[in-house]
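As recorded in TrEMBL:
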TRANSMEM  30-50  transmembrane segment
TRANSMEM  127-146  transmembrane segment
TRANSMEM  158-176  transmembrane segment
TRANSMEM  196-222  transmembrane segment
TRANSMEM  234-256  transmembrane segment
TRANSMEM  291-310  transmembrane segment
TRANSMEM  317-333  transmembrane segment
TRANSMEM  339-359  transmembrane segment
Amino acid sequence: MAGSGAGLDRLGPARFGALPERPLRLLPRWLGIALLILTAIACIANIASLQTLDQRLESQNAVRSESGARADMDLYRTINARVAAGEGYYAVATDEHRRTNYPTAPFVTVRTPVLAWTTALWGAEGWRGIAILLWVANILAWHAALAKRGSRFERMGAALIVALFGLVALIPEIATSHEALAGLALSLALALSERFFAAALIIAFAASALRLLALPFLLLWGALSLLQRRWRRAVALGAAVILLAIGIAFHAHAVAAARLPGDLVSDGWQALIGPALPLYGVNLLTILQELPVWLAGPLGVLPLLGWAALGGRMGTLAFGWFLGFGLFVALFARLDNFYWMGLVVPAYGVGLVFVPRAIGDALSRREISSAAAATATP
């Protein structure tokens, strides 16, 4: 009973805002076992759901192809080309949405002008070069990020997994993929979040400006900074969110001004497909799609278990972001929005290297002592 009492001490005022290292060690053993059983069930279920959603998407794409529907990448490629030729972004974007029978309301159906404007400056080849630089930077940054928190195996494994999960940087369409580019940037920001805060904030801000769906990453990061009473970081993150909010307001006004009577309005996004969709998105956007489904299914689920085991500041931010964004996609995304999961790639895959410690921590017999409390990250 003494151990349990000491564990409760961690919740007291002296440790307010502390983020425990290796939090699965704090679970009762029966709960740890239950977590592993649920993870195993999810792995098996994902094998079946990958096949089911694949068939549904193939059927959906066949119907779109027969009707002559335009691919999203073609839409953004055309918009970028017209803006590079000197036309105004919002007039072009709304015009191309009409030609494609895409909605222009609400304003979030129209991407921010960041990708089009920057493509006009340095071209698609410039973005391909940036994507490769982000990919290489992620490999190096994730190896360095685990220097004090991971074993040699985990550091090398993280670098390898980032290299493999980040191969999306090499696809020909990378220059027109807002999600993939933003995901590479967010993954790098996450790796740099502790040791290089200013650089990480700038990168995450740029990712959020490129794709507004990345904004919750900044919100979560700011909330955790407030919880830990890291006031300077919280203020900086709050300022970044305010700047983005101002930019979003201007974007919304510009889209509204460019709309015409009769423009389509989105049907909404309450698709409620469930957790199968975010896992399917990760599968399609990474090297997992090249693996047999019996292997790809578990490998899509296990990273989340691994991230749950890391803890500390970076581990809590990563787990909260991946879980929260996955739930968002599960609730609101349609099947053809699977590419939203590009925002978590390649960093999501790093969780695989922490799976062994997750299993060990969940099964371990332990007493929560005051000494263990010292491992919490304040």
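Quick reminder: no glycine exception, Cβ is built from N, Cα and C everywhere.
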Query raised in the report: Are the transmembrane segment (291-310) and the transmembrane segment (158-176) close enough that 3 or more Cβ pairs fall under 8 Å, when only pairs 6 or more apart in sequence count?
Result: no
Query raised in the report: Are the transmembrane segment (30-50) and the transmembrane segment (291-310) near each other by the rule of at least 3 C-beta pairs under 8 angstroms (pairs 6 or more apart)?
Result: yes
Query raised in the report: Most CB pairs under 8 Å with the transmembrane segment (339-359): which of 30-50, 234-256, 317-333?
Result: 317-333
**Report entry** Top partner of the transmembrane segment (234-256) among 30-50, 196-222, 317-333 - counted as Cβ pairs under 8 Å
**Finding:** 196-222
Report summary line: With the cut-off at Cβ under 8 Å and a gap of six or more residues from its ends, the chain residues touching the transmembrane segment (30-50) are 24, 275-276, 279-280, 283, 293-294, 296-298, 300-302, 305, 308, 359, 361-364
Query raised in the report: Which sequence positions outside the transmembrane segment (196-222), separated from its termini by at least 6 residues, show Cβ-Cβ distances below 8 Å to it?
Result: 108, 111-112, 114-115, 178-179, 181-183, 185-186, 188-190, 233-234, 236-238, 240-241, 243-244, 247-248, 317, 320-321, 324-325, 328, 340, 343
